[in-house]
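Asks: Sharing a structure here in structure tokens format.
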Amino acid sequence: MPKKHEKLFAKSLSEEDYKSKIPEKVRCVFHFANKLDEQRKTYDWELFEDSQAARALALLAAVALVARAAEFEEEEDVLVLTEGNFAEAVSGHDTLLVEFYAPWCGHCKKLEPEYAAAAKNLKELDPPIRLAKVDATAESKLAEQFGIRGFPTLKFFKGDVEAVKDYDGGRSAAEIEKWVVKKSGPAVKIVESAEELEEVKEANDVVVFAVVDAEEGEARSMLEKLADADDLAVYVASTSADLTKDAAAVNKVVLYKKFDEGKVIYDGEFEKEALGEFVKSNSLPLVITFTQDKAPMIFGGDQTEHVLAFVDTTKDYVSGIEAALKVPAKANKGKLLHVIMPSTEKRIVDYFGLKDEEMPAVMLVNMAGSMKKYGFDYKADDFVAKIEDGLGEDLVAFEKSYFEGNLTPLLKSADPEDDSDEAVKVIVGTEFQERVIDNEKDVLVEFYAPWCGHCKSLAPKYEELAEKFADVDSIMIAKMDATANEIDHPGVDVRGFPTLIFFPSKDKQNPIVYEGSRDVEGLTEFLKTNAQKFELEGSEHGAETSEDEDEEEQEDAKEKEEGAEHEEL
């Protein structure tokens, strides 16, 4: 609470009682009053503070707001929201970060202590900023309203259920606090002195400073649009060109950062698209070392093309690899994200199919759509030897080949299995073309993950389906471990498990994703409708061949006959 207005309570409450008994919403009232006082000089509090009316006003506000605050249950400083109070909570707060969670979700449980710590710290700000949560399994209508598809999902509201954006910051308390504070304050802060600018630079990793012709106007409006869409940089502006020599005229912009070259002066046109690209290209380090806290920034941002260097970060060669990576990083700044991936990140290393003995190694990955990976020529000891022998330039050439479309994607594959006695055939990556695409049969493939609960539930039903169709020679029921095998085929984009895809015998280039019920009956009906004609349990099923197709097949046969006769002659 601003010192000036604490006097209003001084004659009725001690400071200790004020802090322990008066809810933060009351403090908001006086914070707002202070803002009015600063901006408009609307109220003369020095005259008003001793009056009985002032104390009455304050206590009435306290009573009213205590009653209102009581409507929201709290758990560890986090507001607990339901369908009944959600809209009121959002409209009653200038900003509100809401976590949609499921009680059984492991990621939600991991986030819980960090979220609570952030909620506690943000609540203690003046004015306070609140965090909230919704049990999406109990409040299904809210989950549907905001398109919740996974857990946890965090949404940020600005006073209205329609004014919402996705939270895309980190998962630590500090990162949550930093993101929320940035989004809750003015998009562009006006600074009036060199000292104030230095304070902002000291407190933030990336600062965009612009000299504008007026505090309110088109220039600031443009900067605000950029700031609203930017989660990395803090934007500040001034009407004075005397705060720094780096931006000494109207419409001049400089980006300050606590890494790499320290600052970059913008010399392009003062317009949204060009300035936005400049900020985007310069807001991240040339080379980022991966941590779990940085995962959303690396894998959740707009940049989908990454160069990943998998290294043992305890080795002496790390600094040499980082220096070499900076060479292509400078050449392709804004096009590719260059990342040091510690070998201790086992799940990520396994996901990309690398073995310990292959590291250090570099892989270029494109995660747009169906992910594609491209391997650098050197690995392990050969890679280390290259550090002192032009590694940086070789990486530049590697990335150039990627942009020119001259690299072949890497596809990992498990070893083939003998599945001759199995009803469900086991397909691995190296066999996919031969056993699925070149095969004249209709093929149904389940893409699964060994750890997936839904896949485990489907397994006995899928086995029953395969046994049911075991004597139908024209149909193959198969499965592929999508965590151990990769394929590059049109229409195959596995984004969840299990994914069932049907490859029709007559059109393998246009597979059909199965979206029906995951039971024997549903899958059987699907095959009866989409497979070529077959006999099952004494009855004929499958798609009918049209008269046109019959005629075409007869003509093809006739042409082959004539061709054969001609060859014989």
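Glycine is no exception: its Cβ is also placed from the backbone N, Cα and C atoms.
All TrEMBL annotations are machine predictions without curation.
Checked TrEMBL, it gives:
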COMPBIAS  534-544  compositional bias 'Basic and acidic residues'
COMPBIAS  545-556  compositional bias 'Acidic residues'
DISULFID  Cys105-Cys108  disulfide bond
DISULFID  Cys452-Cys455  disulfide bond
DOMAIN    63-185  domain 'Thioredoxin'
DOMAIN    389-532  domain 'Thioredoxin'
REGION    534-569  region 'Disordered'
Asks: Tally every other Cβ atom lying within 10 Å of the Cβ atom of Cys452 (disulfide bond).
Replies: 15
Asks: Can you tell me the CA-to-CA distance separating Cys105 (disulfide bond) and Cys452 (disulfide bond), as a whole number of Å?
Replies: 14
Asks: What parts of the chain pack near the compositional bias 'Basic and acidic residues' (534-544), using Cβ distances under 8 Å and only residues at least 6 beyond its ends?
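Replies: Distal contacts: 468-469, 472, 474-475, 527-528.
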Asks: Using CB atoms and a 10 A radius, I'd like the single residue among the disulfide-bonded residues Cys105, Cys108 with the highest neighbour count.
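Replies: When each Cβ's neighbours within 10 Å are tallied, Cys108 leads.
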Asks: Going by DSSP assignments with H, G and I as helix and E and B as strand, what are the residue counts for the domain 'Thioredoxin' (389-532)?
Replies: 49 helix, 25 strand, 70 coil
Asks: Let me check the 10 A CB neighbour count of Cys455 (disulfide bond). How many other CB atoms are there?
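Replies: Around Cys455 (disulfide bond), other Cβ atoms within 10 Å: 21.
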Asks: Could you tell me the mean pLDDT over the domain 'Thioredoxin' (389-532), as a whole number?
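Replies: Here the mean pLDDT over the domain 'Thioredoxin' (389-532) amounts to 94.
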Asks: Cα of Cys452 (disulfide bond) to Cα of Cys108 (disulfide bond): how many Å, rounded?
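Replies: About 18 Å separate the Cα atoms of these two residues.
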Asks: Rounded to an integer, what is the Cα-Cα distance in Å between Cys455 (disulfide bond) and Cys108 (disulfide bond)?
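Replies: Cα to Cα, Cys455 (disulfide bond) and Cys108 (disulfide bond) are separated by 22 Å.
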